[in-house]
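Asks: According to Swiss-Prot, the protein has these features:
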- D17, I18, S19, T54, N55, K189: substrate binding site (BINDING)
- D17, S19, D214: Mg(2+) binding site (BINDING)
Amino acid sequence: MAPWGKRLAGVRGVLLDISGVLYDSGAGGGTAIAGSVEAVARLKRSRLKVRFCTNESQKSRAELVGQLQRLGFDISEQEVTAPAPAACQILKEQGLRPYLLIHDGVRSEFDQIDTSNPNCVVIADAGESFSYQNMNNAFQVLMELEKPVLISLGKGRYYKETSGLMLDVGPYMKALEYACGIKAEVVGKPSPEFFKSALQAIGVEAHQAVMIGDDIVGDVGGAQRCGMRALQVRTGKFRPSDEHHPEVKADGYVDNLAEAVDLLLQHADK
């Protein structure tokens, strides 16, 4: 077993990233990562509290959960913390009417949101909808506002699908920030508020929790800044250089979720 496994002592709650940890998305619904279905089942049979924490913004929670269930995962919509519902809450509370630069797959999450006469922009992983025209439309909306508001569902650089690495929302968010001279409000990892909402959902304090993800910055770094421990899996978007990142060092590196669960069940809650 890993020599750092004792660092997991006292863990009562586990936050799990989805893409790159449970499965690799892609054509036909993607594929489960070896051992991950049983690993989730073992976690849920234990005394540990489990919450799924994702920046997925190409699918609604309902669609994502249905896809994972078809792959064999024990997961429900109520167990998932995702950025689109959190963004909708912000829009309602602040009376914001967004121009939506998002993927059609997540548009249903915004059905109750007024999008007439936009006074802000919401950007997500829009995939093929990241055309020049759509980016320029978002730019024009922001430039016409006295106090531009840009809300980004996560700020990831890239992620892994079965066909290879794919650009995420972050590069497009940065383009609008640069063009408009503004800073986006990030809803999703690595936002502290996003992690805190996931922890509140399972009633666990940050120092009692561990995040398991494939993103050294968004998952590991974001969780550690909130006071959590964090493990990086060598699946999904993991790159060998992540283990030598100049700013972020995971509490441990594991080959996959199954190995992480082995260590958790040996050392956690002790």
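Here the Cβ of each residue, glycine as well, is placed from N, Cα and C on the backbone.
What's the neighbourhood like for each of these?
Replies: Under the DSSP three-state reduction, T54 (substrate binding site) is assigned to coil, being neither helix nor strand. When Cβ atoms from all protein chains are considered, those within 10 Å of T54 (substrate binding site) total 24, not counting its own.
In this structure, S19 (substrate binding site) is part of a beta strand by DSSP.
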Asks: Can you tell me the three-state DSSP label for K189 (substrate binding site)?
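Replies: K189 (substrate binding site) sits in coil per DSSP, no helix or strand.
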Asks: If you count other C-beta atoms within 10 angstroms, which of the binding-site residues S19, N55 is the most crowded?
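Replies: Neighbour-count leader: N55.
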Asks: Same chain only, sequence gap of 6 or more: which residues have a CB within under 8 Å of the CB of D17 (substrate binding site)?
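Replies: Once residues fewer than 6 apart are set aside, D17 (substrate binding site) is near C53, T54, K189, M211, I212, G213, D214, D215, D219, G236.
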Asks: For D214 (Mg(2+) binding site), what is the secondary structure by DSSP, using just helix, strand and coil?
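Replies: Where D214 (Mg(2+) binding site) sits, the three-state DSSP reduction gives coil.
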